[in-house]
Amino acid sequence: MKLTKGCAYKYIIFTVLILANILYDNKKRCMIKKNLRISSCGIISRLLKSNSNYNSFNKNYNFTSAISELQFSNFWNLDILQKDIFSNIHNNKNKPQSYIIHKRLMSEKGDNNNNNHQNNNGNDNKKRLGSVVNNEENTCSDKRMKPFEEGHGITQVDKMNNNSDHLQQNGVMNLNSNNVENNNNNNSVVVKKNEPKIHYRKDYKPSGFIINNVTLNINIHDNETIVRSVLDMDISKHNVGEDLVFDGVGLKINEISINNKKLVEGEEYTYDNEFLTIFSKFVPKSKFAFSSEVIIHPETNYALTGLYKSKNIIVSQCEATGFRRITFFIDRPDMMAKYDVTVTADKEKYPVLLSNGDKVNEFEIPGGRHGARFNDPHLKPCYLFAVVAGDLKHLSATYITKYTKKKVELYVFSEEKYVSKLQWALECLKKSMAFDEDYFGLEYDLSRLNLVAVSDFNVGAMENKGLNIFNANSLLASKKNSIDFSYARILTVVGHEYFHNYTGNRVTLRDWFQLTLKEGLTVHRENLFSEEMTKTVTTRLSHVDLLRSVQFLEDSSPLSHPIRPESYVSMENFYTTTVYDKGSEVMRMYLTILGEEYYKKGFDIYIKKNDGNTATCEDFNYAMEQAYKMKKADNSANLNQYLLWFSQSGTPHVSFKYNYDAEKKQYSIHVNQYTKPDENQKEKKPLFIPISVGLINPENGKEMISQTTLELTKESDTFVFNNIAVKPIPSLFRGFSAPVYIEDNLTDEERILLLKYDSDAFVRYNSCTNIYMKQILMNYNEFLKAKNEKLESFNLTPVNAQFIDAIKYLLEDPHADAGFKSYIVSLPQDRYIINFVSNLDTDVLADTKEYIYKQIGDKLNDVYYKMFKSLEAKADDLTYFNDESHVDFDQMNMRTLRNTLLSLLSKAQYPNILNEIIEHSKSPYPSNWLTSLSVSAYFDKYFELYDKTYKLSKDDELLLQEWLKTVSRSDRKDIYEILKKLENEVLKDSKNPNDIRAVYLPFTNNLRRFHDISGKGYKLIAEVITKTDKFNPMVATQLCEPFKLWNKLDTKRQELMLNEMNTMLQEPNISNNLKEYLLRLTNKL
């Protein structure tokens, strides 16, 4: 048989690989015996070299294609070669020919020199040995997710999977810098395909293993922490004989054993610094005990996930993937177990030891050490595990549950110097417990509940079972050293974490795709609680304002996704305002549709059916559907369509048309819904949208019907009201009954009437917003036209005089909420405005806003000043100044209104207002004297107040952070010099997330300065992001928030922002968190 040159070449390669197989070292589980490894590599290299001179062959035939075409993996059974060579050949067809096999053979030489399993960047790209390849029955699919196929047409990055998005404990995970290439022709980033690990909701499979009980011993020392774990395990019904794979990142192994038999690395298991794989033939077929002892380093863990050190406190943060940085575990939310935890540490340094559940006992250890044992009788996923050790002081109280009269001990902990700031948190906890009992009928289920404040925390708080851990700014407050907003924040965050005890803990998630089931639902519960506790209309308006200015922007950006995403790379990147805030509105709509009585029935069904188990969004919808059937008295009624809210991205636009038949006294409302298609969802379906409406008599402003809720389930529908005596004004989406854009098609006169007389605060607020938006868009286009045409003089449409009179009417209304008045004198937030303007010129928008404020101020500044002075006595009353258990939210709203008015008057340079600013700076309330610093930016007293307020703030870290925010948002031309001053004199080398966010994020809201046409604002923030990414990827990604609006800006600014994002993507050690976020944001993933 005559062979072609190409065919001959294939069989030469085949012969070399046969040799490799013969020399395979079974004992060491190594591909080729070490003494022939270099020789084999030399054969390959010489063959490649000779081939490079083979002129008739080298241009037309690809070495890797030759091997690929042989398709050895179809008939070769040797698992090591199949996975480590042949699968890599298929995945690397386009790489240099010497790269593939040479790299795989030579890399093991270096690996053998590093057997201690400490953090090793060289391990990042290693394949896992001894595991099933492409087995569709693989039940450990959470860590073996397949990359996208090229046919999907989606760009991908290297090793971006669910587990590799954090730093290793001594540095940044080293990603292959070759993943991102610069294309000089269009300054874009080209990302090679077939590299990230994409996790899909549709690929969920139960684990092949069960963990029943977890016994942990955590021994804390100065330079290391030793963690010994015993897992009581079993084989699940889904097991198909696969390897036992544990998640474990950056762990140094002391010992691995099963049923007290030590396992041998390489022969019975492998560890690649990310996954511990125990080969299936060494896994027992029934119940067994898996034990491990590892060493970790919380003292150098600056990523603040897993176990880390905040000042002198050892603390954990395990959601979503932190537990794997403490010990080996099958780290997924449906792996629920009972925990028995013992913590030991130096008694002088760490006198307080805490973990989940009830404390069983405490004990002394020779050598000045001590320990405590904790038992949590409730099943929980590992992300709810927590441990704290430190020199902490506390306040405590006893709570008696409503139904069972059980005594619960409540403790709130902090550093000693901040104990006096714990009282409000303790009050909020008691209020939360009572609310959950009264509204939902849910009692606390342990005998003790601990809340702990720590200074270094990536997010707001964490709901760990029985041991809630808080960012200090979400637990500590005093009237002397905290801004007013701190009290509302603590109320909501303490409530949120407590409410998770049922919605998140006792009923947890089947998988991370269901995140909104615990977060959206719990935010909804938190909102109900805070609205009830504050009794102010502005509490609900603040939630609406957040959604419409932040989440709506995300929904129209390249980051748009449903509240339940269908795929993710890094789970931490999906803790978004969509999942949380839009998710909470989706959960709230059930209440709107069902009414309180039937909503509670549905909620009760959900808890009883799923208590102690995992759940999905379908489970919650099923429970609400049962209540819907009850309400409708119709067993055929269903909420199947409602599930589209969980799967469809984007914000619906709902528009209205009206018809009144005077003869029939019949009023018709025609409604249409439309959601814009996007790149991920080309087709959008009609949603189930509840529309709470009222009808207002235009002659006297009174209600003509009782409020009712319309159910829009089609693209268009018409709703008819009978016996309507006069043509009414519709009051639409009362209480913001659905998260949609409302196109009401009302006249300004009708909106003004609603603003003045409607009984619903949201409708009044929205009517005001719509009038503002009409004026903004009109004036913006006039300014833009003048700029583009270089006109020296031009006419601008004045603000409607009737609207200004309506604002005056409401300001002078003694019954109107002071916080509501703050909203109506303020233009909509920039991030809300941006949703209505394409190719935004930020300078033009700034000019537009200044013009409108001046138009209104010229007529109302005297009214503003009069109100500013008249409210002073009540707003700054000191009767309860020293009583931290008494908080008056109405009084706080008065201070908010006064500070808003002072800002408007300062911008307008109102006569003698500087004297008022100086006097205001003497107030004992921090919100007041920080406002005086902020508004002094318009005067030459700024640096005088800068120094004065710094001295007032510097000894309290949380108050200093509020001061930093105030300085950062200063509306001054020299803000860049001021930020540099903050960096050098205050921030310095701080790695504290609160400090970093405080210095930079407020600045990004400055229309003129951050969006300076030179691009220096974008460059500054990009440099901060890159620097932060080296030690804390999660915070680095949070700092990307201002880049979300890049595609809304004008062409020049789009280009500048895109250039900075591309520069960040080219960083050689960019984290997976940041890489995925930027790739999605720039439409590359």
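Using the three backbone atoms N, Cα and C, a Cβ is placed for every residue, glycine included.
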Listed in Swiss-Prot for the peptide site shared with GLY460, ALA461, GLU463, one of GLU319, GLU596, GLU597: GLU319
Under 8 Å by Cβ from GLY460 (peptide binding site), counting only residues of that chain that are 6 or more apart: PHE470, ASN471, SER474, VAL493, HIS496
Integer Å distance between the CA atoms belonging to GLU497 (active site, proton acceptor) and ALA461 (peptide binding site): 7
Shell list (peptide; ref centroid = CB of GLU319, GLY460, ALA461, GLU463; cutoff 8 A): VAL459, MET462, ASN468, ILE469, PHE470, HIS496, GLU497, HIS500
Between TYR580 (site 'Transition state stabilizer') and GLU463 (peptide binding site): CA-CA distance (Å): 15
Integer Cα-Cα distance in angstrom, GLU497 (active site, proton acceptor) to GLU319 (peptide binding site): 13
Among the peptide-binding set GLU319, GLY460, ALA461, GLU463, as the record gives it, the longest Cα-Cα distance in Å: 12
Cβ neighbours of GLU463 (peptide binding site) where a neighbour is any other Cβ within 10 Å: 23
Pairwise Cα distance for TYR580 (site 'Transition state stabilizer')/GLU319 (peptide binding site) [Å, integer]: 15
Arithmetic mean of per-residue pLDDT over the region 'Sufficient for targeting to the food vacuole' (1-200): 39
